[in-house]
C-alpha cells in the first residue's frame, strides 16, 4: 500500500521512513511546505469573508422585501441558508485546521467539518433538482397549467434537507466515516480504505448512485426536455414575446446555477471515484487537496448568479444597501417588477409556461 492508515485517518504517504504522524496531533509539514498550508488558510478566509455577506444579504433582502417572498424564491433562499450554515460551521473549522496544518479539534472536529461540507453540497444539488423539476413541469406542462405554490416550495425544501441528511448522516453513525483528505486539513467520506468495521465500500456506492448520478440524470433530462420545448414554442409562436423572453431568462439563470455546481463539484467527484476504484495506488497530497478545496467555492456561486441575472432581486438589494434609495435611478422596484422579463417570482406564480 502506498499510504498509511491509522485510527480515523489515511495519509497518502507510506510510513516506511517513519515520517507519518496523526493529523489530529501533529502538523503535517512533512506532506507539504508550510506556505502551502497558509495558502489554503487564506483561501478559506476569502470564502468565509465572501460567503457570509453574500448569503447573509440574500436572506436579509428576501425577508425584508415582501415582493421577493414568492414560491420559487423559497428554493433560492434555501440554497443561501444551506451555504451560510456550511460557511459558519464548516469553513471556519477548515480555516483553523489549515492555519495550524492539522486538525486541532480532533476526530470530532473532522466529523463536523465533513458533515457540514456534505450537507452544503447535497442541499445545493437537490435544490437544483427541485428547480429543474419545477422548470420542466411548468414549461413542458406534463401536468397541464401547473401553479408552483408555497406548499410545493416548502415540500421541495423539506425534500432537499431529507436527502442531504440521508447522505451526510450515515458516516456519523457508523456507516463509513469522515476522515481528513489531501493535506489533511479538510474532511470527507472515506473513499480510501476498505475498513470492514465501517462498510465504506457500500456507502460510497450508495452515495455516488443515489446522491450524485440520480440527481444529475434528473437535471439533464429535465433541461433537455425544457430546451426542446422552448425552441418548439419559439418556432410556433405559442407564447407572447414577453413570456418567451421571461422563460429563457429564468431558465438561463437556473442552468448557470447547475453549471456552477458542476464546475465546483465534478473535479472532486471524479477524483474521489478514481481513488475509490484504485485503492492503494500512489497519488500526491495535492491530487485530492485541490478539488476538495475548490468544491467549497460553490458556496459563493449561487448568490452571485442570482444577483446578476435577477433584476428584481438586484434592485431590492441595491435599495437595501443604500438605505431605501436606488442611486441607479430605478427606485420604483414594484413597477419594474411587472415589466421585468428576468424576474423569477412573478413568472413562477403564473399559469403560463415560465415558472
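Just so you know, glycine gets a Cβ as well, placed from its N, Cα and C.
Since this is a predicted model, take the numbers as computed values, not measurements.
Both residue 63 and residue 324 are recorded in Swiss-Prot on the same side of the membrane. Note on Swiss-Prot: of 13-36, 253-276, the range annotated with the feature transmembrane segment is 253-276. Take the disulfide-bonded residues 110, 187: by the count of other Cβ atoms within 10 Å of each Cβ, the lowest one is 110. The DSSP secondary structure for residue 200 (N-linked glycosylation site) is helix. The secondary structure of residue 110 (disulfide bond), as reduced to three states from DSSP, is helical. Here the transmembrane segment (285-309) touches the transmembrane segment (37-61). Their Cβ atoms form 3 or more pairs under 8 Å, with each pair 6 or more residues apart. Each residue in the topological domain 'Cytoplasmic' (62-73) gets a DSSP state, and the totals come to 9 helix, 0 strand, 3 coil. Of all the recorded positions in the list 15, 187, 200, 296, the shortest Cα-Cα distance to residue 2 (N-linked glycosylation site) is found for 15.
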